[in-house]
Amino acid sequence: MRQKQHIVQRYEDELLHLRSLMEQMGGLVEHQLSLILAGIAENDGRTALQAARQDDEVDALEQKVETLAIRLLALRSPMAADLREIVACIPMAGALERMGDYASSIARRLSQMEQPLPRPARLALSEMGRLVLEHLRRIMDALAHKDANAAHAIWAADQLVDKYCEAMTADSLEQMTRHPHTIRLHISLLFIIRNLERIGDHTTNMAERVVFMVTGATLPPTRPHGHDSQPLPPGQESPSP
Amino acid sequence: MASPLLPEIITAICACLALTGWAMVWHLSRRPHGTTRPDSPRPSAPPPGSVLPFHEATLLVDTIPGMALILGSVGQIMACNEAARTHYGNSLGALLRHPTAHSTLHSALHAPPMDDGLPAPCSTTIRLDVPVKCSVHLAMRRLPGAAGRNSLVLVLLHDRSLIQAVDRMRADFVAHASHELRTPLASLTGFIDLMKEGGDQTDQTSRTLYLEIMSQQATRMQRLIDRLLYLSQLEMKGHHHPREELEAEELFALVLGEVTPRFQHDSRRLTVTQEDSLTLLANRDEMVQVLLNLIENAIRYGTMPERTLHVRLHARRATPAEGPTSSLPGLLITVEDNGPGIAAHHLPRLTERFYRITPPSDSSHAEAGQGTGLGLAIVRQILERHGGQLHFTSTVGQGTTCHVWLPAAPLPQDQTAGK
């Protein structure tokens, strides 16, 4: 699992530190999502808002990852697996930072709700949020264990999130048509759904980087998408893995 | 003629040799001593003056009767005992990268020594939502001796999920029960009032009808409460993967015994097929529950007035692509009906608690209203605990298929050859 020992101990330490920073970032974003889930379940905007407060920390960590990665590249001239790992960390930190942004956006929206979310919407959001969080957990584990197969599985599984997003959007639209006085609430809900779906998309970006980091191969540019009902234009059909 | 530079060249060569030699000795001396298990990370060199050398620390973790692990100075797992690995498996990573765990590790690393000379212990409780909801108490203490980058922190884990689950169960139960029982309760009170007002003037037919409806509502409330409790119980044991072996044949026989009465109706047919010698790793009662719920749904939502309902139950070996990970052997059980089918946008949300598809008015069936909205949530909860998977495919007008993937039991060779 662990790489061969590097002769320069300092280099080894810096690599470990880089990995630890990535872990910390992942842990923070996971915690943000957990807080949001708790906020949704308890209908408590303040719990959710704690997630927004962690955003600065995520941003700071992204900066640290970037600086350290560049430092490693500049000073240690890493090769092969190390090189791929260090290079992959930069966009992965970027993806995590974006997820953090989406999470705080959801948190703010939840705390600014004028009327409490209806119970079915809360149950559905918890379900979708849990799915997204589970994918994030799996990709962070895949990164830690350098497991390309697991990463690939998550890359393909994100279509579940897409489908969920689509189902909830359809439901919201129907509700809005039926009960126009809930439009305000449903617009907020749509934004939250959309943000969750974007977090899911970023987990697939990370999955691509993990596969690259471990195998050196890149995944096809389009992945299986949940939008089966809308046929893709020819030539964009995603090749099945 | 000797070059005037010769002494300098000789000195340079000597210096190079000395340097290389020193580097080799230094490198060799840094090699880890002894071999470690393939999955445990390389131990770092024992720090000078260490009270507890690394391999002894590893031994210590293995000896601890309970869940324990040792972390390095940046939070990397240096050693982890079997108990922690088997109990937390997939959650371990998420647990340790949780911000609270991270800050506790930081405090543990910098804890000042107490009166007895040992570093002060630090502890925290962490709640996770995925992969299974759990609550874990972490107690950390830096191992004395090593310092700086060689520091080691001993972590003891205690599962607090039960306490958390009981709390959540109560909250969930109150929330769901108060909401879901309202409708049947309102109906009950309505009919009670009606009968009270009518007094003796209520004729016998109306009276029978009212009582019939009231009894239906009471049954529904009863079932709702049962299911809510069952679901909470399942959540509480989410961490324990069942390890019992169960023959598909036995499972199907049990299920058949339960559902046959429901298929004595002329307009319903049940076909059961399976491949030979399929063994899964699963809890028998829970698997029976899964299949009963799925078949029940097929009857409840698949029955159409003009068509004979045909439910097919089938079990076979899964292809690697069908499972969650390609490396794990699995079984696929499908429950297929030829009912009206389910629109695609409902499919992802079917297992959501209390999610119901409002049945189209033309096919509204007396039984559809009897659903609790928890049947599939229970199915999913059971499958999650088993490490299984559930998904649906459906074509409107043709029927719905539920695909259940479950881990297969590793079969001894002679047993497969025997059948």
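Here the Cβ of each residue, glycine as well, is placed from N, Cα and C on the backbone.
On a predicted model such as this, the values are computed, not experimentally measured, just so you know.
Annotated features in TrEMBL:
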type: COMPBIAS; residues: A:231-241; note: compositional bias 'Pro residues'
type: DOMAIN; residues: A:23-109; note: domain 'PhoU'
type: DOMAIN; residues: A:125-210; note: domain 'PhoU'
type: REGION; residues: A:218-241; note: region 'Disordered'
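The average pLDDT computed over the domain 'PhoU' (A:23-109) stands at 93. Across the domain 'PhoU' (A:125-210), DSSP helix (H, G, I), strand (E, B) and coil residues number 83 helix, 0 strand, 3 coil. Summarised by DSSP class, the composition of the domain 'PhoU' (A:23-109) is 81 helix, 0 strand, 6 coil.
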